[in-house]
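Asker: Let me give you the structure first, and then I'll get to my questions.
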Protein chains: 4
Amino acid sequence: MRLIFIGDVVGRIGRKVVCRELPRLCERVSPDLVVVNGENAAGGFGITEEIFHELRDAGADVVTLGNHAWDQKEALVFIEREPRLLRPLNYPAGTPGRGAGLFDTASGKTALVINAMGRLFMDPLGDPFEAIEREVEACPLREACDATLVDFHAEATSEKMALGHFLDGRASLVVGTHTHVPTADYHVLANGTAYMTDAGMSGTYDSVIGMDPAEPITRFTRKIPTGRLAPAKGEGTMSGVAVETDDATGLALRIGAIRVGGALEPALPSFWLEEPAEAP
Amino acid sequence: MRLIFIGDVVGRIGRKVVCRELPRLCERVSPDLVVVNGENAAGGFGITEEIFHELRDAGADVVTLGNHAWDQKEALVFIEREPRLLRPLNYPAGTPGRGAGLFDTASGKTALVINAMGRLFMDPLGDPFEAIEREVEACPLREACDATLVDFHAEATSEKMALGHFLDGRASLVVGTHTHVPTADYHVLANGTAYMTDAGMSGTYDSVIGMDPAEPITRFTRKIPTGRLAPAKGEGTMSGVAVETDDATGLALRIGAIRVGGALEPALPSFWLEEPAEAP
Amino acid sequence: MRLIFIGDVVGRIGRKVVCRELPRLCERVSPDLVVVNGENAAGGFGITEEIFHELRDAGADVVTLGNHAWDQKEALVFIEREPRLLRPLNYPAGTPGRGAGLFDTASGKTALVINAMGRLFMDPLGDPFEAIEREVEACPLREACDATLVDFHAEATSEKMALGHFLDGRASLVVGTHTHVPTADYHVLANGTAYMTDAGMSGTYDSVIGMDPAEPITRFTRKIPTGRLAPAKGEGTMSGVAVETDDATGLALRIGAIRVGGALEPALPSFWLEEPAEAP
Amino acid sequence: MRLIFIGDVVGRIGRKVVCRELPRLCERVSPDLVVVNGENAAGGFGITEEIFHELRDAGADVVTLGNHAWDQKEALVFIEREPRLLRPLNYPAGTPGRGAGLFDTASGKTALVINAMGRLFMDPLGDPFEAIEREVEACPLREACDATLVDFHAEATSEKMALGHFLDGRASLVVGTHTHVPTADYHVLANGTAYMTDAGMSGTYDSVIGMDPAEPITRFTRKIPTGRLAPAKGEGTMSGVAVETDDATGLALRIGAIRVGGALEPALPSFWLEEPAEAP
Ligand SMILES: [Fe+2]
Ligand SMILES: [Fe+2]
Ligand SMILES: [Fe+2]
Ligand SMILES: [Fe+2]
Ligand SMILES: [Fe+2]
Ligand SMILES: [Fe+2]
Ligand SMILES: [Fe+2]
Ligand SMILES: [Fe+2]
């Protein structure tokens, strides 16, 4: 199976680059499953129903969220009727929406997608390890689904890498979000789980995590907020990750970075794009 | 000028890969300045005098540190006689050692190297922005030195990116350390400063930030420490960044990742390695 | 019913003052239930089986713990055979010991005692509000027990006060521990729950939270640990709180501070000590 | 000298109780210096010029602030013309206003008043120990002033107690603010500095740190904000501390709590109120 995950879409610039580049990429590589983190899609803060559909139209089979899930209050309502919008699993019982779902792909496969939030340096939710374990045990890879993809929205690299190893052999992909910076540590772990500490954001990197630098710099240097945080202007980058799984096991064969547009060094999953050498 | 920065060397595996690969790389590309972060070089915790010289012998012109600076108590003593060992600048007045230094390169240039620590999600030191500003103003790029390299040892991506923009046009390179994960967001900012959120660690990536995964997983899932953290076994990766500056301005022309060995996708600064097309 | 709660016993000085003053106080006021927090009883860090029995002999019906519960590794073992030693309820499933218990008093009553840990500015455990709610609902005050006492081991005053109001009318006493400073805000909330943000520690107040001031001051001013934290020397204070409940409802009628010995202004529950005016 | 310090005035209820009780108390005990923390005086968030004058009229010689200093933007402006309004000393250079001042009392004495902010579990400012040290060294007790009062606005009890011992013998009073809960640990330290971990807030204690409990409880239990934090309704308590210094040394002879009105057990500095036994 071919899995694509795109990191936190930030504001209009993020949506623009994703809506332009994701369909193009999907057309080239025909992924089985596309998951997009949309927690910052509405002006940097949360998501609206309209924007959710925009991301769906661009190719997202499932949209995940994070600590900004509820910045737009309407998300608390429309998430109830959108099974393809996931919020972190480890919110308290009674929170609107779901944190995991089993989805049928167009190619006739099934994929378990989980969204959870870390706790180190973040607002404390329920234990993400325990919550994810429960979902994964209830729907084991290969026995009950063809792929398992976990979007772990967390700050600390240690918590993310620990989750990767915790799930190694039981998930197809563990990918981090939230720091808004793509990492270059993507690789397949010893037991077959593809891992990447952070998918990066989809937005402009001429910024401070997607936002105009002036206000963050003021806050760091003067310690007095002077205005609001607003998405930076500039050219957007779509940032994410591509994973090829083994149909027999659901585990990962290859993982590669996706970076299209903007200031960063471009990257595409070459293993899906390079033509095999032609026979003479 | 050619600048190389290598991220946090973790334990024996980290030292081994750096001592094997750094001399090889230096021979190929003849850098003007090599800086290595050594805060985890001694078994994951701090640095000894012997290890400092090991890193120097491997090619490091300057060694920087971080929150683990003093894990080996001897560092508090020998740092006083080693001007090429820097600890974070924003430690309180009276802290042994220095946080910045002006160094002559073998090529006859001078480089200002600064090591500072972030405060978000970290033990609060003095204001890094103010402290760095003071050093940079006292020794302005091009007027008083040919290159300025800042190792910003920090957790939060926002603080690191804010510092990058804060120094944009006044430093050759702002590179982060501490998260032990290389980022793929290296690029030259609008005013000429090369920036990378984290250089990554030099150690094994089959690990939790360089450490054996068992104990970190236990701590996250059981919340009771059962043993000590120890460096993981496995193949090491040397991880860092390469920057080409413009001799006329001291600002950056190109930036590229360095990843050699181990589990990660390899990367080398192609702009120093590709042969120019020969004249016909 | 008469409830007594004594805050974190710190080291030898704390044990000494509690073992001297608690029996004396119990003799004077004949409490129905005495609960003592013992998380720092062993040299400031954790508790041993021997010390647990020392506190029991001094009059503690139940001993509670906190973030230092496991500093002495033997506690992980002997807690399994000591139903009267409680550790925070919201540790992960599988943690040795229990976080709540229903205890028969010598006076023929039953009391539910709960120990839980806060999450704000602390290592994140499970949700304490939800965990406590479950215990309280399973054993409602007056229907299933005569008194409910909650030791909420937490840092932030806001989290503690929120828990007080959350349980108001459903618990006899919500008392905080962990900050090692007694608060003067004890009062009966609107619906009958006695509340005190922190019981204070039992140890010497010529100290930094029970510890010798030299090392903490060094850590705050120099940011480099130079030695170990050790309990301060000096005269001890037993610090805690006394609550009189209404036998008909299990709710609180009166609350008063207990402070005996050492540097602090002494306090005793005058409502148990003042002789009623004699008939002429 | 007689020093009075009143803790964080919260909203209308806090102002009401202070404006009613402080003049009454001042009339009874004729203090030499009255300092009031006003960081929450405007609806719980910051201070306005009008409210500053209200507190001055109620008897405050000096008003101190904290992390909420700038919640009302006008404070950034009018603080420049109000030398009797202090903001934390360890804000970055260039911050409007001052963090310390030497004030003449009506009784012809001089008092150094310092406001500083802690860093543990708070937004990191400059080192408070170093900043306070500088002020105290520049204006030593007895040599350059008759009393030194420090309002240390901090979260952690350890940091507050460490500052108390750090200044012991060099200040008349070190009193904490910010947690909004009065502590019962007031005593004179070994070298003559009066110390109290927190003065408590002036507002209603039928609340969560002065605020209506509903929203804080929702945030702790549901992890989704549903509304704004607003001051609770109820009867107010004026909370603070009284210190008698030795005119010869500037150090403290006695310290006592002030709690007037509302739900808490009342307290007044008995040493100023009890009539000496009359001569026969
Ligand atoms: Fe995000
Ligand atoms: Fe996020
Ligand atoms: Fe490191
Ligand atoms: Fe570090
Ligand atoms: Fe404790
Ligand atoms: Fe504790
Ligand atoms: Fe306050
Ligand atoms: Fe505050």
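Each Cβ is built from the backbone N, Cα and C atoms, and glycine gets one as well.
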Asker: Just to be sure I read the record right: A:GLU39, A:ASN40, A:HIS180 are listed as binding Fe cation 1 in TrEMBL. Which of A:ASP8, A:ASP71, A:ASP151 is listed for the same site?
Answerer: A:ASP8
Asker: Round to the nearest Å and give the CA-to-CA distance linking A:HIS68 (active site, proton donor) with A:GLU39 (Fe cation 1 binding site).
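Answerer: Between the alpha carbons of A:HIS68 (active site, proton donor) and A:GLU39 (Fe cation 1 binding site) there are 5 Å.
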Asker: For A:HIS180 (Fe cation 1 binding site), just count the other CB atoms lying within 10 A of its CB, please.
Answerer: 27
Asker: Three-state secondary structure of A:HIS180 (Fe cation 1 binding site) from DSSP?
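Answerer: Once the DSSP labels are grouped into three classes, A:HIS180 (Fe cation 1 binding site) ends up as coil.
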Asker: Going along the chain, which residues six or more apart from A:ASP8 (Fe cation 1 binding site) have their CB under 8 A from its CB?
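Answerer: Sequence-distant Cβ neighbours: A:GLY14, A:ASN37, A:GLY38, A:GLU39, A:ASN40, A:GLY66, A:THR177, A:HIS178, A:HIS180, A:ALA199, A:GLY200, A:MET201, A:SER202, A:GLY203, A:GLY210.
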Asker: When C-beta separations to chain B are restricted to under 8 angstroms, which of the recorded positions A:ASN40, A:HIS68, A:HIS178, A:HIS180 qualify?
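Answerer: From A:ASN40, A:HIS68, A:HIS178, A:HIS180, flagged as close to B: A:HIS180.
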Asker: Applying a 10 Å Cβ distance cut-off over all chains shown, what neighbour count does A:ASN67 (Fe cation 2 binding site) have?
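Answerer: Taking all protein chains shown, A:ASN67 (Fe cation 2 binding site) has 19 Cβ neighbours within 10 Å.
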Asker: With an 8 Å cut-off on Cβ-Cβ distance and a minimum sequence separation of at least 6, pull the same-chain contacts of A:HIS153 (Fe cation 2 binding site), or say none.
Answerer: A:ASN37, A:GLU39, A:THR64, A:LEU65, A:GLY66, A:ASN67, A:PRO88, A:ASN115, A:ALA116, A:MET117, A:GLY118, A:GLY176, A:THR177, A:HIS178
Asker: Quick one: which of the binding-site residues (A:ASN40, A:ASN67, A:HIS178, A:HIS180) have their CB closer than 6 Å to ligand 2?
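Answerer: A:ASN67, A:HIS178, in sequence order.
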